[in-house]
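Here's the structure we're looking at; comments come further down.
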């Protein structure tokens with residue numbers, strides 16, 4: 001994506017002339033693998049571990065300096081070749097051009113008026129780099145033997161990209177030459193830029209991403225040097241950390257899901273041309289047309305000639321955008337922060353609370369979200385907080401009697417409080433919890449705003465501080481919202497106002513009979529109405545998808561974080577509705593299994 005590629009462009013033709021002993025690097029990578037495979041550090045020790053791993057990585061990078069495969073010239077020099085290649089192979093190339101938009105980097109600009117919902121871009125399967133094409137490439141023999149490559153499609157795609165980049169006659173060279181040489185993902189942050197994220201919620205994922213990427217590189221360096229099926233790979237004589245970091249970032253910022261050719265499963269893919277579109281708020285307008293076997297995109301809105309063409313990547317928080325896509329999106333209507341809550345097993349009423357939560361399809365301990373938009377909490381979190389704050393008598397009312405099931409159904413509905421006292425308690429609790437989270441930051445909102453005025457601040461440091469500031473602003477907003485609700489319900493309690501009562505016909509949420517198995521669906525229905533996207537299983541997600549014209553579908557990611565096994569099959573219903581999701585579905589390399 002353009003926004004992810006503001007940094008310098010790829011520069012040189014083949015590997016460089018520096019010499020370093022493979023055995024020397026093998027020893028260093030063995031040390032790195034051991035360090036990255038050690039147990040997770042204790043509280044407060046994560047930064048120390050990060051700096052130790054980073055020191056080893058930097059030592060390896062220094063030894064390998066000049067060994068990476070790169071390209072001559074700037075990436076934009078290759079745009080004409082990309083358009084010619086795409087056109088010759090059946091992609092649409094009319095109506096737009098690739099342009100540098102300064103702050104957002106490269107993107108697509110309309111060269112004619114494009115109407116909302118007009119099909120303006122399509123890319124056939126043959127142009128896509130997929131896990132399937134990786135299996136059929138020079139990587140195939142190693143793929144067939146390595147369980148990590150088989151289980152983690154994103155890693156297989158990264159190696160596919162590296163092998164094709166190192167092959168001058170690769171079919172995908174016109175595409176690969178237009179990819180940026182560096183990214184703004186945290187893997188490229190300087191240590192001081194990472195330090196800007198200290199005390200944020202995102203820092204733990206940043207540490208994990210860096211550690212797992214280092215571990216993967218160390219593991220695969222040994223594989224490439226020693227595995228008999230790696231002998232013919234063009235990486236045998238030159239596989240640097242810089243190469244792997246680039247491939248990892250290329251994939252995590254660009255990968256998407258598409259159905260396999262027979263439509264029975266989903267696979268990961270890189271989609272040339274389409275992946276030049278930058279993000280804005282809206283709806284997903286990209287899907288996969290199985291009949292024509294191509295990725296298709298309709299216009300999100302009316303675009304006039306000269307306008308930048310945007311698409312919607314999905315409901316990602318800014319932490320996800322920064323960590324996995326390498327950019328911060330201002331005014332992100334889907335921004336949120338995590339809040340971990342659970343019912344203590346030492347709670348005298350634990351068993352009763354656990355049972356009520358189970359009937360509502362909610363775990364006794366989970367990570368919820370506080371949202372940038374109103375309301376700040378989802379129906380699921382509201383239901384959890386209500387149960388969390390219930391008295392013994394209130395719990396009995398939700399477990400026993402003819403109206404118990406009906407009460408469960410309205411747990412996530414803000415219009416029907418359990419009691420005024422319960423509402424006061426839950427909003428007081430949320431206010432206190434958000435206030436405590438705010439106090440964990442080392443800087444204030446005002447201090448962050450002052451730092452952002454510094455004209456010498458790097459792009460990556462700016463992203464980090466904006467992310468830090470955004471987290472605090474969401475928490476501060478939650479505190480204010482909770483305080484307002486607390487006082488609202490306290491007033492009702494003092495006035496002894498009658499509780500709103502519902503009629504069975506008001507629910508309108510049941511499909512068929514009443515039963516405990518339907519309860520989670522009610523909360524999910526409320527989530528939809530509130531505009532809140534909670535994580536659902538693959539089947540549940542597909543069932544929500546509505547087919548649109550041109551075989552396109554607007555839907556959520558079918559593979560959370562792109563880490564589902566490539567061997568997992570889809571049901572016929574899922575196969576019919578599977579789409580190529582936008583960048584919102586981009587997964588990260590830090591999802592690699594712990595055994596790596």
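Using N, Cα and C of the backbone, Cβ positions are placed for all residues, glycine too.
Just so it is clear, the model here is predicted, and its values are computed rather than measured.
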Do you know which of 75, 348, 359 Swiss-Prot groups with 104, 105, 106, 254, 275, 276, 277, 278, 279, 325, 326, 327 in the S-adenosyl-L-methionine site? 75
Residue 75 (S-adenosyl-L-methionine binding site) has how many other Cβ neighbours within 10 Å of its own Cβ? 20
Checking the binding-site residues 278, 325 for other Cβ atoms within 10 Å of each Cβ, the smallest tally belongs to 278
Where does residue 278 (S-adenosyl-L-methionine binding site) sit in the DSSP three-state scheme? strand
Span of the recorded S-adenosyl-L-methionine site, as the biggest CA-CA distance among 75, 104, 105, 106, 254, 275, 276, 277, 278, 279, 325, 326, 327 in Å, is 21
